[in-house]
Amino acid sequence: TFWNSASFNTETSYLHFPTFHGELSADVSFFFKTTASSGVFLENLGIQDFIRIELQSPSEVVFSFDVGNGPSEVIVQSRNSLNDNQWHYVKAERNVKEASLQIDQLPQRSHSAPPDGHIRLQLNSQLFVGGTASRQKGFLGCIRSLRLNGMALDLEERAKITPGVEPGCPGHCSSYGNLCHNGGKCREKYSGFSCDCTFSAYAGPFCKKGKHISAYFWTGTSVTYNFQEYYTLAKNYSSHASSFYADMTLSREAITFAFRTTRTPSLLLYVSSFYKEYLSVILTRNGDLQIRYKLDSHEDPDIFSISFKSMADGQLQHVKINREEETLLVEVNQNERMKFILSSGTEFNAIKSLTLGKILENSDVDEETMKANSQGFVGCLSSVQFNHIAPLKAALHHSSSAPVIVKGRFTESNCGTLTGADSTSSETTHSFADHSGPIDEGKPLANAIRSDSAIIGGVIAVVIFILLCITAIAIRIYKKKGAYSKNEAKGSENEDSAESALKSELSMQNTANENQKEYFF
C-alpha cells in the first residue's frame, strides 16, 4: 500500500469513503505532493463534530477537529515551502488526552484536551479525501499511502471510477531519484520507481549492495569502454576543442579496483583523451604500483610510485585512487594511504575511453606505459569502477547494449573473492606463474600436485625415523632394568654380611652407570 496513490486534477474533485470511526482514538497518516498553495487533504463531518486536515498555506498544515468542546487546532509551520512538488509526510493523532501533528521530520506539535470536556468524536457523513463538503476548496496534487487507524484506503481503485481523479501519481523520480546510488538510474513505474543498476558496479534495490565482478585476463586481452563517440574537429575549426566535449571534462575521478598477478611489467588501467591526455596505472618491472597522470599534452606526465612492497606476488591487491583537481589520494589494501600533488594540470579534458588489459589503438604514451602495455595484463581484475562506470560489469553482463569492446580471451571468474589458502587453487588453475607462450592449465596443476606429494613424503619419513629411535631407546632401558633385577636376586642369596651385600649393590650400580654412559656415548 506504500505506493497506492491518486492524483486530484481539479479543486472540486474528491474521493469518498465510508464514515471514519475514531470516537476515542484516531490516527491518520499519508504522503502528499503539490504545487498549490492550499487545499483540504481530508474531511469528515458530523452533526456538530468534525475532523479535517488541510494545507492552509504553502508552509503550514493544520489539523482541526471538534468533539463538542468547540473547534481545536494543531498547527505545524515549516521554514521551507511544502508546495515544492516533493513528497511530504503527515501524521495526525487524537485521543482523549491530546491531539498531535507531525510533518516530515519537523518537531511534533500537540494540544491537550480540556479536563472535563467531551471526549467522543461523533461523525456521520462520508469521508472526503482530496476535497470537502464544506466551503473550503479541495486539494490539487497527489495523495499516497493513506492510512486511518492503521487501515490502508485503496485510493487507486476508487480513483478509477471517479471523474477528475486519476489512479497513481507521476514523477516519483523527482522526489526519490536520489535514492539510486553509485550511478544507478531512477526509472518511473506506475506505482513507485525502480533503480536501474545496469551500468553501476553495485546491485540491490538502490544500487548500494557491493557485487564483486571479477574476470581473468589472458595474454593480449583488451576490454575498452568508450565514453563517447569521436566528433571530428573539422566541423568547426574556430571552436575550441573543449566545446565539443564539455560534458566529458573531469576535475575529479574516483577509481577502485582489485587485481592479482605475478607478471611485470603490467598495464592495469588506462584512460585516454581525444587531446593526448591520459591516465595510466601500471606495475613496474620490480612490482611497484605506479600512477601516471598526463593532464597537459605539452608536459611530461606526473609520476607517483607506491613501492612499499612488490604487488605482483599473486595475492589479491585492493587499490583506491581519488583525485580532486591537483590533489591525489591513493589507498592500497585499506591500510597504506598516500597523498600526492599534481603539477601537470587539474582538468582531464575530453576523455575518450577506459581500457583494461592491452591498449590496441595507437596511443601517444610515455615509455614506461608502453613497456607495460607490451604484455598488457595477465591475471585477475575485480570490482573495477571509474566514477559511476563499471566496465567489467558492462563487458560481462551487458555487452550488447553497453559501449564496450572486448578483444581476446576474457572469462568471468571468482578470482577476486578468494583469499588466503583459496587463492592458491585459483592461482594454480589460472596459472599466475611467470611464463611465456600459450597458457596450459594442466601443467601448473600437475606441478603443484607433484610438489605437494614430495613435501608430504618427506614429513612421513621424518616421523617414522623419530618413532624408530624412541622404540630403540625404550628397548635398551628395559634390558638394563632386567639385568639389574637378576643381580639383585643373586646378591640376596649369597649374602654373607651386610658389608658384602652393600659392596655388591654398589658394584652393580657402577656397572649400570658405565653401561648407560657407553650407550649414550
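Just so you know, glycine gets a Cβ as well, placed from its N, Cα and C.
From a predicted model like this one, the values you see are computed outputs, not experimental measurements.
Here TrEMBL flags 418-431 as compositional bias 'Polar residues'.
The disulfide bond annotation in TrEMBL covers C142-C169. Less than 8 angstroms from the CB of C142 (disulfide bond) sit S5, A6, S7, F8, F32, K33, T34, C169, each of them six or more residues away in the same chain.
Here TrEMBL flags 4-169 (among others) as domain 'Laminin G'.
The annotation domain 'EGF-like' is assigned in TrEMBL to 170-208. Sequence-distant contacts of the domain 'EGF-like' (170-208) (same chain, six or more residues past either end, CB-CB distance under 8 Å): 2-5, 7, 33, 85-87, 156, 256, 383-385, 387-390, 392-394, 398, 401-402.
The domain 'Laminin G' annotation in TrEMBL covers 220-415 (among others). Averaged across the domain 'Laminin G' (220-415), pLDDT in this predicted model comes to 85.
The region 'Disordered' annotation in TrEMBL covers 418-438 (among others).
Residues annotated as region 'Disordered' in TrEMBL: 484-521 (among others).
Summarising the annotation, TrEMBL assigns transmembrane segment to 454-478.
As a summary of secondary structure, the domain 'EGF-like' (170-208) carries 8 helix, 12 strand, 19 coil according to DSSP.
The 10 Å shell around the Cβ of C169 (disulfide bond) contains 26 further Cβ atoms across the protein chains shown.
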